[in-house]
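*Asks:* Dumping what Swiss-Prot says about this protein:
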- 9-207: domain 'Glutamine amidotransferase type-1' (DOMAIN)
- C86: active site, nucleophile (ACT_SITE)
- H181: active site (ACT_SITE)
- E183: active site (ACT_SITE)
- 208-400: domain 'GMPS ATP-PPase' (DOMAIN)
- S235, G236, G237, V238, D239, S240, S241: ATP binding site (BINDING)
Amino acid sequence: MALDIHAHRILILDFGSQYTQLIARRVREIGVYCELHPFDMDDEAIREFAPKGVILAGGPESVHEANSPRCPQAVFDLGVPVFGICYGMQTMAEQLGGKVEGSELREFGYARVDVVGKSRLLDGIEDHIDADGLFGLDVWMSHGDKVTKMPEDFHILASTPSCPIAGMFSDERRYYGVQFHPEVTHTKQGGRILSRFILDICECEALWTPSKIAEDAIAQVRAQVGTDNVLLGLSGGVDSSVVAALLHKAIGDQLTCVFVDNGLLRLHEGEQVMAMFAENMGVKVIRANAEDQFLNNLAGESDPEKKRKIIGRTFIDVFDAQSNKLDNIKYLAQGTIYPDVIESAGAKSGKAHVIKSHHNVGGLPEEMNLKLVEPLRELFKDEVRRLGLELGLPYDMVYRHPFPGPGLGVRILGEVKKEYADLLRRADHIFIEELRKADWYHKVSQAFVVFQPVKSVGVVGDGRRYAWVVALRAVETIDFMTARWAHLPYELLETVSGRIINEIEGISRVTYDVSSKPPATIEWE
């Protein structure tokens, strides 16, 4: 009998680092299941989780300050390998009898560490070998404190001039700590270091693969749903599309999708969704044409937050009206993904609390009285995309740029009108089409056009044109928390601008947004 894909698992304890989710994604990429839990996870829960190894993540606090986070004692009682990263190394050192102090020289950014100890973790892994035969690694540092005394039976693993104990290890106990961040791409050998810990030291088997995830998710859905019927709000976005494909494969005609066409979608998006799911895959999809209802409700409103709420409430009204026409629906499917689950863990007094269910549809009427099916709730976004490909969805659909829930409603500044939406749809289509032609679409993380309710004078032929202004926006980012504006070639911008002004009569001027995040947000509203 094949092993359950969750059988070999890693526990990651979160001490508040901005990189913690990145650690989890790296572990999953290696092919091993892991879960992120708050540092104050109780001992019994840790024992029940039964990990094959534990990673103590970084954090912003100082170990030597009162009430700073500590690793649960149960971790050190499990008898499994432990890997402390940055703060994780410091709390491990302090809790096992070592000492941590503040450092006069803080290390932030690129650094080179010398590998001075022969350990299972770093044996044969290096970026440089100097004239004296000393191995070196190019790494990313982000710390102010440092370990000044190691626990008994530990040895120095790595060092820098300002941080003599930049890494420590005990091969006998299988405990390792590094002051740098192996999870970020700036640490060139980071992937190899994590693989060494997880596959070799923890002896995990790479069971977490797209094909096995698909098989497991299909089996789980069938076990949960049985012969009951399921309702899904299909938006055409990546998450809901993958849920639709997965559920259709699992339960076939027991699935009914409601696609709400709010009049704020991209050009031909409604037709594309229906063609993909209803025509090609045979999924039962109800298309609710609610453009007038959305636009009427939005009339006269220019406040961005109020527009979002109106769009959200109207979606619920339309979705509810459609669901009431259906019989014997017992389950509501949602595209909740793992970051949603993590983020819905509250934070009081700087301490994370128990993870609770996250409802990404947000506010669907409780009187619907439906049970939830969330087949993606264990997956990160990149895993959802790989699962989509595994299920047969087209690459271009799975790797589309993100599109906001309120759609063009937040890309039209001020009041939303049908005229504005129609102009914006066409301009956006031209921009994306030219990005694809120039092989830039997948080089940027997100690209779109923003409609500005400002008119500008233009000249077309011998005539004067007084028409609207639009802005092009393209950004590059890894995590969407920070982003830089994309340095698109001038020739490409010229082509896009020329096409928009020449082909769309209502637009006379095109600008390019050169704001990064922060201080600007990616979307304008």
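In case you wondered, yes, glycine gets a Cβ from its N, Cα and C as well.
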*Asks:* G237 (ATP binding site) to E183 (active site): how many Å between their Cα atoms?
*Replies:* 28
*Asks:* Does G236 (ATP binding site) have same-chain partners at least 6 apart in sequence with Cβ under 8 Å from its own Cβ, and which are they?
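*Replies:* Same-chain residues close to G236 (ATP binding site) (Cβ under 8 Å, separated by 6 or more) are F259, L265, E269, Q272, V273, F403.
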*Asks:* Tell me which of the recorded positions C86, V238, S241 ends up closest to E183 (active site) in space, Cα to Cα.
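*Replies:* Closest candidate to E183 (active site), judged by Cα separation, is C86.
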*Asks:* Can you grab the distance from D239 (ATP binding site) over to H181 (active site)? Cα atoms, rounded to a whole Å.
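*Replies:* Answer for this pair: 30 Å between alpha carbons.
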*Asks:* Listed recorded positions are H181, S235, V238, S240, S241; which of them have CA atoms within 10 A of the CA of C86 (active site, nucleophile)?
*Replies:* H181
*Asks:* By CA-CA distance, flag whichever of S235, V238, S240, S241 among the binding-site residues is nearest to H181 (active site).
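*Replies:* Nearest candidate: V238.
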*Asks:* Near S240 (ATP binding site), which residues of its chain come within a Cβ-Cβ distance under 8 Å, counting only those 6 or more away in sequence?
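*Replies:* Residues satisfying the criterion: L232, G233, L234, G335.
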*Asks:* Please report the three-state DSSP label of S241 (ATP binding site).
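*Replies:* The three-state answer is helix.
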*Asks:* Let me make sure I understand the structure: which of the binding-site residues listed (S235, S241) has the fewest other Cβ atoms within 10 A of its Cβ?
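*Replies:* The binding-site residues S235, S241 were compared, and S235 has the fewest Cβ atoms within 10 Å.
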*Asks:* In the same chain, outside S235, G236, G237, V238, D239, S240, S241, whose C-beta lies within 8 angstroms of the Cβ mean position for the ATP site?
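*Replies:* Going along the sequence, the neighbours come out as L234, V242, V243, A244, G335.
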*Asks:* Looking only at the domain 'GMPS ATP-PPase' (208-400), report the model's average pLDDT.
*Replies:* 87
